[in-house]
Amino acid sequence: MLLIGVAGTELTAQERDWLQHDAVAGVVLFKRNFASRQQVTDLSAAIRAAAPRPQLICVDQEGGRVQRFREGYSELPPLQDIGALYATDPQQALALAEQHAWLMASEVRASGLDLSFAPVVDLGRGNRAIGNRAFSEDPQVVAAFTAAYVRGMHAVGMAATLKHFPGHGTVLEDTHVDTAIDPRALDELRAQDLVPFQAGIAAGADAVMMAHVVYPQVAPEPAGYSPRWIQDILRGELGFRGVVFSDDIGMAASHSAGGVPARVHAHLDAGCDVVLVCHPELVDEALHAVQGRSLNTAALLGLLGRGALGWDGLLADARHGDTQSHLLETLGRTV
């Protein structure tokens, strides 16, 4: 199954044709797809109307620098701001994480989308791509925040996606533009980076997104192309039974598998349920690549959003304004 990107704020005829394809599980939206709150709500409805089956509509609405929808939405603080409070008041910090998750998820769901790919559970240890997207460098602290964030998302009827397995936070390289290699042994990864993923799985996380990072002491290929990581460790050792997403096959670190068809097949053969094809110019080639493959369509049904107030109902809900105010008072930024 593929999650695809579309070019703009309205669907083109070609994109409507893509949505008819059996392999298309849904759409990932980006800043380029956003003009206003009403427009993105209408776009979500148009995607659903154009497809013959339920579509999973997703976004990265983490907060901080990774927030695709801004005007008309709460300006969500980065997770690191919440993590910094843990040392002085762990209980308050965890409550804020749950509120942050609730606020993010309620606004995304009100716009007609199913999920935001969240939370980031990588360790905050200097990676250029992760930075303040991570709660903390401490695995146990991130584990506690992970469970709280999953609870907040689930309270709104949004599935939670742990990313980027088995941990992207310790390598310096940004896999959007570079190859990233983590030389550590599996035992060290188990004691560090895997701890938050274990906590998230125990809390009921619904999906996991793979990293395009190579861990050569564990497997020779990037984790998203690795049966060792997906089937033996994530599913076998950690007991994860949910949906496994690849990261975007347009990222530089994904190119090690070869061209677009090779990347798609490598992810699916390794055990990914869904491959992200976020660049529209790659979609035709990816769709051609999956012709004839057996597709696990049922796996995604559990990720569809459950219940939503819509914007009128959400803005009339006192909890929305109260949560905005509490985050502002505590973290000192406009939400």
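Here the Cβ of each residue, glycine as well, is placed from N, Cα and C on the backbone.
Counted within 10 Å of its Cβ, the other Cβ atoms near His176 (active site, proton donor/acceptor) come to 15, all protein chains included. Swiss-Prot lists His176 with the feature active site, proton donor/acceptor.
As annotated by Swiss-Prot, active site, nucleophile applies to Asp247, with the evidence given as sequence analysis. For the recorded site, Asp247 (active site, nucleophile), the DSSP three-state label reads strand. Long-range Cβ neighbours of Asp247 (active site, nucleophile) (same chain, at least 6 residues apart, Cβ-Cβ under 8 Å): Lys163, His164, Thr175, Met209, Met210, Ala211, His212, Gly224, Ser254, Leu276.
Under the heading substrate binding site, Swiss-Prot lists Asp60, Arg68, Arg133, Lys163, His164. Look at Arg68 (substrate binding site): DSSP puts it in coil.
Sequence annotations record features per position, and here Swiss-Prot assigns site 'Important for catalytic activity' to Asp174. On its own chain, Asp174 (site 'Important for catalytic activity') has Asn127, Arg128, Ala129, Ala180 as residues at least 6 apart in sequence with a Cβ closer than 8 Å to its own Cβ. Asp174 (site 'Important for catalytic activity') falls within neither a helix nor a strand when secondary structure is assigned with DSSP, and so counts as coil.
You'll find the Cα of Arg68 (substrate binding site) roughly 17 Å from the Cα of His176 (active site, proton donor/acceptor). A distance of 15 Å separates the Cα atom of His176 (active site, proton donor/acceptor) from that of Asp60 (substrate binding site). Listed binding-site residues: Arg68, Arg133, Lys163, His164. The one with the lowest count of other Cβ atoms within 10 Å of its Cβ is Arg68. Taking Cβ-Cβ distances under 8 Å and a sequence gap of 6 or more within the same chain, the neighbours of Asp60 (substrate binding site) are Phe30, Val66, Gln67, Arg68, Ser116, Phe117, Ala118.
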